[in-house]
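The feature L-aspartate binding site is assigned by Swiss-Prot to 176, 222, 450, 491, with sequence analysis given as support. Positions annotated as ATP binding site by Swiss-Prot: 222, 223, 224, 231, 484, 536, 537, 538, 539. According to Swiss-Prot, the region 'Aspartate' annotation covers 200-203, on the basis of sequence analysis.
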């Protein structure tokens, strides 16, 4: 096989007159009046190859037998296309290759779908034939971008003096967080390793070890319910550093992300990134990861409506809840009564018991609850919401968390439906000053908002075991276009604080020692102040590539039900394998 001289997509007018050897796949073959044209594709693009009997009759005869997705080697000369033959849709559209020789390296069955962008095919079929799906130029380009993003992160961290250190994939299962993927031990029957949800504890131990600056591009595993921006296995840009403030860690993160966006998209992002406290994010946007590319902010109108004779509002306020509203500017005409009923059904998915609404027409409030607003109250409400003719006012009344969840989700939905979002914009945001704990209704107790190793604010440490709800954390999340792309914090580095943290989470001293004794021991040997952040590589690439599902950024992903249609994983194993591991499967009885 002759050595390749160029990639197909690299050929241009500078190559005219040059002899080239190309390897690739046949994208398309056309037979036109004794001439055969082949579009040859490789990872860099497509070029047109012409087979002319006057130039090589033998090559023409072989080309006649070629079909789509055959793998071939072509030797020929680069020529300029005629003016009328120029194809502006191709990067190589001003040139073509006049073939002298063609060698068929392998044939191909007819693929189950066309290998081209925009093909209408189910996700299940794409994943079953993922190796064909990845041939499509748009998929190829995503993985070029992923390579660029990964390389840029690595180069930046190397330049900043971070050590790339690997941590083990076979670790110990620990509570808190999502479910672990467990790996049975053959040597110790009945015992299990866990695949890491993150290298959190181990990277902290590397700080105890004195490495000062660590990073790793690491695969993580979480057995959790899936959605478009989650996968059971995913990749993090993970870093940890000693003796730095959280502001310094944030500055490093910003520098990396600015470089990544410049390299991947050739877009310049201003820094420092805007900052917002967790409380402000929840109050204004109903989300701890707000998309700040558009408005539709939530406005608390409890004080305005507390005296109106509408029982839904009154009841919510009397029971310690609140009433908030969104003003969808100039959107009243966009929504019929049926549309508004559908929005009510939508917010019910987030716990809301309903969605009240008003429209502003000719200076007056119109709608089912307009009768509860006398002129003075109507004027006050319009002023508080800056409402004008044509505006649509949407209200939720309930406990604060339900109001935030329902109106926050509604805000995102309306942002898309009303075309308020500039899809080309990249809006980074730091969300800071998080509560250390959040209340888990199902468990009936407080759990870590991030993880049990997050450092409380110094002034709140005395409250850890007495008033958990008031403790604030030295934590920070980085958000991009409404997606959390990273989370970080300063870490607990003193044993007595970590012990207090575990007690606040409901651990006995004995259970904490059993689960985390190795960490507690390390904290007695001069662990330095340290902190870090983990950035979601797959999610960053998804956003930069303009996709809406993580599957498109992972070479061999799982479906929404955590199945791999390509390999049919997960699958059963043999009785012999189970016996070797001292395991039995429990069969469900059927009637």
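Cβ atoms are placed via backbone N, Cα and C, with glycine included.
Note that the coordinates shown come from a computational prediction; the quantities given were computed from them, not determined experimentally.
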Measure from the Cα of residue 491 (L-aspartate binding site) to the Cα of every one of the binding-site residues 224, 484, 537, then give the nearest.
484
Taking just the CA atoms, what is the gap between residue 537 (ATP binding site) and residue 222 (L-aspartate binding site) in Å?
15
Could you put numbers on the helix, strand and coil content of the region 'Aspartate' (200-203), residue by residue per DSSP?
4 helix, 0 strand, 0 coil
Can you grab the distance from residue 450 (L-aspartate binding site) over to residue 484 (ATP binding site)? Cα atoms, rounded to a whole Å.
13
Around residue 222 (L-aspartate binding site), how many other CB atoms lie within 10 A of its CB?
20
Alpha-carbon distance [residue 222 (L-aspartate binding site); residue 484 (ATP binding site)] in Å:
17
Largest separation between Cα atoms (Å) of residues that the record links to ATP, namely 222, 223, 224, 231, 484, 536, 537, 538, 539:
19
Would you mind pulling the DSSP three-state label for residue 450 (L-aspartate binding site)?
coil
Set of same-chain residues at least 6 away whose C-beta sits under 8 angstroms from residue 224 (ATP binding site):
178, 179, 230, 232
Would you count the other CB atoms within 10 A of the CB of residue 537 (ATP binding site), including those on all shown protein chains?
25
10 Å Cβ neighbour count around residue 539 (ATP binding site)?
22
Rounded to the nearest angstrom, how far is the Cα of residue 222 (L-aspartate binding site) from the Cα of residue 539 (ATP binding site)?
15
Within 10 Å of the Cβ of residue 450 (L-aspartate binding site), how many other Cβ atoms can be counted across all chains shown?
21
Averaged over the region 'Aspartate' (200-203), what pLDDT does the prediction give?
97
For residue 491 (L-aspartate binding site), just count the other CB atoms lying within 10 A of its CB, please.
23
